[in-house]
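Undergrad: Sharing a structure here in structure tokens format.
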Amino acid sequence: MAKDIKFSADARSAMVRGVDILADTVKVTLGPKGRNVVLEKAFGSPLITNDGVTIAKEIELEDHFENMGAKLVSEVASKTNDIAGDGTTTATVLTQAIVREGLKNVTAGANPIGIRRGIETAVSAAVEELKEIAQPVSGKEAIAQVAAVSSRSEKVGEYISEAMERVGNDGVITIEESRGMETELEVVEGMQFDRGYLSQYMVTDNEKMVSELENPYILITDKKISNIQEILPLLEEVLKTNRPLLIIADDVDGEALPTLVLNKIRGTFNVVAVKAPGFGDRRKAMLEDIAILTGGTVVTEDLGLDLKDATMQVLGQSAKVTVDKDSTVIVEGAGDSSAIANRVAIIKSQMEATTSDFDREKLQERLAKLAGGVAVIKVGAATETELKEMKLRIEDALNATRAAVEEGIVSGGGTALVNVIEKVAALKLNGDEETGRNIVLRALEEPVRQIAYNAGYEGSVIIERLKQSEIGTGFNAANGEWVDMVTTGIIDPVKVTRSALQNAASVASLILTTEAVVANKPEPEAPTAPAMDPSMMGGF
């Protein structure tokens, strides 16, 4: 395929046109008075959203050179979303500001490499200062504030803070579509896996069709149990304690299952059997998780253990187990807290190492089950369009809240970026590196300027007053008042602000140091076939 090539100023200018088109589309959504953008969908109703990364991903430009610039900014938004889960619009605004200011200086003869070094030094100083002025987030109210700011809904803030309180910071919080109009929270505490009882005759509550075991022993094995003689010595030991037993095995069949059911019906023994969750290596890992949570040992050939030799020492324990036809929930396992903490640390390190989104999702699920449970926020709305928009907002809020708990919070509304200007301005740099620093100084003002503009105020006036105000005081664009941002609840997670600035500077520097751009030439359209002469159609 033939290529189209542009050099130097022509290359950069074409890319910057694409940057501007995308950024101008996205930045109208910034702040409490930000507008919405309507996205056409190939099927179904249009999507109305103010989520920066969702808008950025939809933009595809006809000009190949402009499209490359737009795609680079879209990459900034996506990367910021992946790291922090929010701040995508801020990242886009910062990228545009750095690129615009940088291009002016490069066109005027400045060295792009020197500018890049200055930008990197200034951003490092800004990030250090952000961490210095950060405040830790703890307590239900503080978490609710962060979530409410990101989602623009106090009710959503309450749901997220309650969910995090119930399942812990590492717990899984999923967002699903509700069948009704109302948004609601549902929490499953303890370790849940999608395997139900092997026989309905094992239920203890015939009305609800569930089996509830109080203070049970738990046998965990990756073997198939077909012969009751294999586990008979262990069953006799458990029977002496007068406590119920949960059996988690590869399968229970043959004579073993009817024997267990018969003893259950006669009232001799309260026992429930379920299949082991997962498949292959993931099954082994999940069984090990259950064993650590309950203080038991997996009976497996990998450890040289056999069912017929199993003793009471291999059994796990928990406060309660609930089993229905589809799922099993283990509540308050008796495992050692330090062993559970070690297991959690191992899973976290595996999550950082993996490059597969699917594997990361499965590891996150395992982490949640060990850490305390799963919460589901069921989103309700009057129309499908409103439902999609609400779901995106709640996802952003959840990610922002997790980021806030992890690294703390700073004043929101772009105020924190203006607060670090003094520290960045104090850097002693020379030549083009000083120019790079000045570019960052100008860019740090841009989010506040855009938020003010979207709300109908003059950004320059707001920024000048903000620079003279104490750290923490800022402009509430929602009502036009000057307030203590943190006290009022206008806050941003440090991780979000930091990621937006770092990713914006990284991609903007790449654009400024670009000297040639190679694009595919569009393929010429194939000529349309001429219509067939009617006289050649045989009179049909």
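Our numbering is plain: 1 for the first residue shown, then up by one each step along the chain.
Cβ coordinates come from backbone N, Cα and C, glycine included.
Grabbed the feature section from Swiss-Prot, which reads as follows:
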{"type": "BINDING", "residues": "Thr29, Leu30, Gly31, Pro32, Asp86, Gly87, Thr88, Thr89, Thr90, Gly413, Asn476, Ala477, Ala478, Asp492", "note": "ATP binding site"}
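Surface or core, plus neighbours and distances: that's what I need for these features.
TA: Other C-beta atoms found within 10 angstroms of the C-beta of Thr90 (ATP binding site) number 29, with every protein chain shown included. Secondary structure at Thr90 (ATP binding site), as computed by DSSP, is helix.
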Undergrad: Just checking a number: largest C-alpha distance across Thr29, Leu30, Gly31, Pro32, Asp86, Gly87, Thr88, Thr89, Thr90, Gly413, Asn476, Ala477, Ala478, Asp492 for the ATP site, rounded to a whole Å.
TA: 20
Undergrad: Please work out the number of neighbouring Cβ atoms within 10 Å of the Cβ of Thr29 (ATP binding site), leaving out its own Cβ.
TA: 21
Undergrad: Let me know the most crowded of the binding-site residues, choosing from Thr88, Asn476 and counting other Cβ atoms within 10 Å.
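TA: Answer by Cβ density within 10 Å: Thr88.
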Undergrad: Is Thr29 (ATP binding site) helix, strand or coil when read with DSSP?
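TA: Assignment for Thr29 (ATP binding site) reads helix.
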Undergrad: Among all the protein chains here, how many other CB atoms are within 10 A of the CB of Gly31 (ATP binding site)?
TA: 24
Undergrad: Within 10 angstroms of the C-beta of Ala478 (ATP binding site), what count of other C-beta atoms is obtained when all protein chains are considered?
TA: 15
Undergrad: Report the same-chain neighbours of Asp86 (ATP binding site): residues 6+ apart in sequence with Cβ closer than 8 Å to its Cβ, ordered by sequence.
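TA: Those within reach of Asp86 (ATP binding site), by Cβ under 8 Å and sequence separation of 6 or more, are Thr80, Ser150, Asp396, Ala397, Asn399, Ala400, Ala403, Pro493, Val496.
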